[in-house]
Amino acid sequence: MTWSIPLGRVYGTEVRVHVTFLLLLLWIAVIDAGQGGLPAAGRGVLFVLLVFVCIVLHEFGHVLAARRFGVTTPDITLLPIGGVARLSRIPEQPGQELVIALAGPAVTLVIAMVLFAATGTRPSLQAVDTAGSLGGMAARLASVNLFLLLFNLIPAFPMDGGRALRALLGYRMGFVRATQIAASVGQGFAFLLGFLGLIANPILLFIALFVYLGAAAEAHTVQLRQVAQGMIVGDSMMTRFETLPLDASLDDAVRALIRTAQRVFPVVDGTGRLHGVLTQAALVQRAQAGDASAVVADLMTPGIPAIHPYQPLGDALRLLQDGSLPAVAVTDATDQLVGLVTSETIGEVMLTHGVRPSRAAAGAGRQPGRARDAA
Ligand SMILES: [Zn+2]
């Protein structure tokens, strides 16, 4: 979801809006303007923005519930079909996931009930003609919230209902199996929706695509965890890499980027102690800004956690995902940097996990001294 624009931070959670949501806004404005001129377009856009506020409130239901279990939410992304709150980790206790999954729909239910009560309309999915009146718009907003509630409760990934389904399955089977089933249901549902879209409404095709991709992403994350089971950090770290000194210039860093195939550079001091990592993205961004005076220490991502080569790979994965970090450092008993785990190294392990190098053979090519010499 890189096609999204940050709007601001609320309670430490970044609220982002996906470009397709803005396209939806534009589309509504154009259609309404065509039918009723500028005032209609203004009302249409205002209405979508109100829906947007309701979706944000829904997402904060998830965020606050997650926080109760110590799970943070780095960001919320708003899509045309709803919001996605990215949890720093998925609680593997079914009870916790169930509460977090249902907290969002609970907020939407409250909003719908309050709006239906305030406008004195009977709960229905029928969009009420606004005719420009405030009450009409509130009633229509209530209907949209009712629709959002029902849509979110469909028991298929990536909807909240899919998460609730996984949590319920999780009481009877393992987390991975429960996810696979919920993801398959989600993808099956996406096909059904896509088929309906072909014969009825093309908008359903878009929704089907989002649902399909969401279900696939969830299945992928869990598959990653499954592959990581039984592996250690040493199986998935790169050991040949260059490091950059803290005071290296932007120029030095650019040359290192071109000279190597690395996308992440550990930044070390004179004693070889790790201070952070410099990513290709940070480097390119600063280089394009034309600020040649910067030193590597200003551009790096500090606070990179370190783990030992014999720790389970799942630990490295959790560190990467929880902190949205570019890399996790691997250090030996003397605290010297011996390797790096990045999403690329883990991706390569995923792609080749049918052929696992034996520990002894892998260990031979993993001499800490050599790794540092190369640096
Ligand atoms: Zn939700």
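A Cβ is built for glycine as well, from the same backbone N, Cα and C atoms used for every other residue.
Using a Cβ-Cβ cut-off under 8 Å and counting only residues 6 or more beyond its ends in the same chain, the transmembrane segment (15-34) has close neighbours at 1, 3-9, 40-41, 43-45, 47-49, 52, 56, 75-80. Annotated transmembrane segment per TrEMBL: 15-34 (among others), in sequence order.
What TrEMBL lists as transmembrane segment is 40-58 (among others).
Per TrEMBL, Zn(2+) binding site is recorded for HIS58, HIS62, ASP160. Taken residue by residue with DSSP, HIS58 (Zn(2+) binding site) is part of a helix. Neighbour list (HIS58 (Zn(2+) binding site), Cβ cut-off 8 Å, at least 6 residues apart, same chain): GLY82, GLY83, GLY104, PRO105, VAL107, THR108, ILE111, LEU148, ASN152.
Taken from TrEMBL, the feature active site covers GLU59. For GLU59 (active site), the Cβ neighbour count at a 10 Å cut-off comes to 25, with all displayed protein chains included.
Look at TrEMBL and you will find 98-118 (among others) tagged as transmembrane segment.
Sequence-distant contacts of the transmembrane segment (138-157) (same chain, six or more residues past either end, CB-CB distance under 8 Å): 47, 50-51, 54-55, 58, 81-82, 104-105, 108-109, 111-112, 115-116, 118-119, 121, 123-128, 130, 163-166, 179, 182-183, 185-190, 211, 214-215, 218-219. Positions annotated as transmembrane segment by TrEMBL: 138-157 (among others).
As annotated by TrEMBL, transmembrane segment applies to 189-215 (among others).
Within the domain 'CBS' (237-293), the DSSP-based counts of helix, strand and coil residues read 20 helix, 15 strand, 22 coil. Feature annotation from TrEMBL assigns domain 'CBS' to 237-293 (among others).
Taken from TrEMBL, the feature domain 'CBS' covers 300-358 (among others).
A Cβ distance under 8 Å defines the sequence-distant neighbours of the transmembrane segment (40-58), meaning residues of its chain 6+ beyond its ends; these are 15, 17, 21, 24-25, 28-33, 76, 78, 82-83, 104-105, 107-108, 111, 130, 132, 137, 140-141, 144-145, 148, 152. The average pLDDT computed over the domain 'CBS' (237-293) stands at 87. Separation of the C-alpha atoms of ASP160 (Zn(2+) binding site) and GLU59 (active site): 11 Å, rounded to the nearest whole number. Around HIS62 (Zn(2+) binding site), the same-chain residues six or more apart in sequence whose CB sits under 8 Å from its CB are THR73, ALA85, LEU87, ILE100, ALA101, ALA103, GLY104, ASP160, listed in sequence order. Other C-beta atoms found within 10 angstroms of the C-beta of ASP160 (Zn(2+) binding site) number 27, with every protein chain shown included. As a summary of secondary structure, the domain 'CBS' (300-358) carries 19 helix, 16 strand, 24 coil according to DSSP.
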